[in-house]
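Q: Shown below is the structure under consideration.
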Amino acid sequence: MAYFKVAFGFLVTAFLSAAVSLAHPGLGFGWGGVGAPGGQSGAPSYGLFPQFYQFSCPQAEDIVMSVLEKAIAKEPRMAASLLRLHFHDCFVQGCDASILLDNSATIVSEKNSLPNRNSVRGFEVIDEIKARLEEACPQTVSCADILAMAARGSTVLSGGPSWELPLGRRDSKTASLSTSNNNIPPPNSTLQNLITLFQRQGLDEVDLVALSGGHTIGVARCATFKQRLYNQNGNNLPDQTLERTYYYGLKSVCPKSGGDNNISPLDFGSPVKFDNLYFKLILWGKGLLNSDEVLLTGNVGNTMELVKAYAKDENLFFKQFAKSMIKMGNISPLTGFNGEVRKNCRLVN
């Protein structure tokens, strides 16, 4: 009889724990702490863990992938846009989906910051994923987790690596236009500036070079590289590190005046395939942005060696990209009772 009471008591406790976990996803009862599955070994995972939606929304990742497959088949460039959204989100207030909030009475949207204005995109794809998830599992899967899952899915669908993704982020009730302006690395950054901005997020130069490899897919606007073509050092001369034929090709896309929204691929050899050609192009003087080029020529730290290593060994790059994406996705997430799970990613509840 005593055994039955103990066993019954344990079952009730286990049931209540599970019920509270489902009702308040994010409490997690100590799961996903230091060295949690999918987290960086030795780095705290802030209560995030890959099985977060195992019971509350087991079909979440399938829903995300089905929307992504259609969107990327229709427009392959969308993969890079979604990867960039996650990056531009995490570097501001942490990975909290603040970038998705539109202007309102209480919100000054990050969409209008200098790095984002007329350039961040993919919001409609996130809206569609959210609508499908709300149908299947109302108010369960956060917009911040949708961004993280979309970034991984976009990488995979472009031929890149996958990774075990810690989940359980919640959504912010605020946005910060000024932090978006100050924290997102500009395309004309010096290497020291890049290292400083990444260090501010707890990311080192290995993360910097690996995550820059995300430029293996996607495009950039003429406005972001025009300076390299016409006035790199304030002397009305082009950047001498640009390979000549590449330089002339870029000039035809990006005139000295006007054409700011004309686009050029960041990796012209395989612009929609996630591979290590980006690093080879940098070695050949064919990196598009100043922030790409300085990884080789910036003379700070070990970035040159890393560029050469990733150019030589795609598998090494893929492994480090996955590790660095997990690390970036762990920047200051809201968990537990912090933040909320938005019903509409563009609006605070």
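From the backbone N, Cα and C atoms, a Cβ is placed for every residue, glycine too.
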Q: Taking TrEMBL as the reference, CYS345 is linked by a disulphide to which residue in CYS137, CYS143, CYS222?
A: CYS143
Q: CYS57 forms a disulfide with which residue in TrEMBL, given the options CYS90, CYS95, CYS137?
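A: Recorded partner, per TrEMBL: CYS137.
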Q: Within 8 Å of the Cβ centroid of the Ca(2+) 1 site residues ASP89, VAL92, GLY94, ASP96, SER98, GLU110, which other residues of the same chain have their Cβ?
A: CYS90, PHE91, GLN93, CYS95, ALA97, ILE99, SER172, ALA175, SER176, THR179, SER180
Q: List, in sequence order, the residues of the same chain other than THR216, ASP267, ASP275 whose Cβ lies within 8 Å of the centroid of the Cβ atoms of the recorded Ca(2+) 2 site.
A: GLY213, HIS215, ILE217, GLY269, SER270, PRO271, LYS273, PHE274, ASN276, LEU277, TYR278
Q: Restricting to the same chain and to sequence separations of six or more, state which residues have a Cβ under 8 Å from that of CYS143 (disulfide bond).
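A: Same-chain residues close to CYS143 (disulfide bond) (Cβ under 8 Å, separated by 6 or more) are ALA97, LEU100, ILE126, LYS130, ASP171, VAL341, ARG342, CYS345.
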Q: To which of the recorded positions CYS57, CYS90, VAL92, CYS137, CYS254 does the lowest count of other Cβ atoms within 10 Å belong?
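A: Relative to the other recorded positions in CYS57, CYS90, VAL92, CYS137, CYS254, CYS137 has the fewest Cβ atoms within 10 Å.
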